[in-house]
C-alpha cells in the first residue's frame, strides 16, 4: 500500500499529476484545488490512497492529510466511490465539506458533479454524527486553507530553515504538527521548542 509520496512534479493538468520519485513516475488523480496549486518542477509531499477495481488500479493524491481522511470517510457511505469522493473534494474544501455535512446542507453537496440530491442527503444522514467540527473551528489546514502564521509559528519555520530545510517543507511540517497535536494558536512562546522538535522529527522521518 502506498500511503505517501515525496518527489518532483513532472506534469500536471486539470485532472491528473505525474510525480517523479527517484526516476519512477506516479500518476495521481487529485482534487482540482490541489492541481491548481502545483506546477512542474515543484517538490511535493502527497498523501495517497489506492483504489483497485476490475478495470484499473488508480492512485489518488492529496496535498494535506485532512483531505485524504475526508476522502476515505466519504467512501464509508454506501454508493459513494472514489470518483464521487474526489468530485466532492474538488467542489468543496475539506473544512467546507465537513461543515456542509454537519449543517445538513445537501444543496452545497449536490453541487459536485456526479452527485444528486438524494446522494447528498444520504451522505449527510450517514456521516453527520461522525464529522469532527472542532477540527474545522481550530483551522486545520486544507488544500485551500492553511494554519494562520503568527510569530511563534514564524520562529519555528525560521528555525527549521536555519537547519537547511526549505520554507515550504518547514511550513507544511509545522502545520501538520499543530493540527495533529491540538496545540492552540497563536503559538505561545513556551510551545515553540516542542513544535520545533516535533516538526524536525516529522521532517527527518520523511527523508
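Numbering starts at 1 and runs along the chain as it is shown here.
Heads up, the Cβ atoms here are built off N, Cα and C, so glycines get one too.
Some features that Swiss-Prot has for this protein:
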REGION    1-63  region 'Domain I'
REGION    64-142  region 'Domain II'
REGION    143-153  region 'Flexible linker'
REGION    153-207  region 'Domain III'
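With DSSP states grouped into helix (H, G, I), strand (E, B) and coil, the region 'Domain II' (64-142) comes out at 53 helix, 0 strand, 26 coil.
Residues of the region 'Domain III' (153-207) grouped by DSSP class, helix first, strand second and coil last, total 42 helix, 0 strand, 13 coil. Secondary structure of the region 'Domain I' (1-63) per DSSP (helix as H, G, I; strand as E, B; remaining residues coil): 6 helix, 37 strand, 20 coil.
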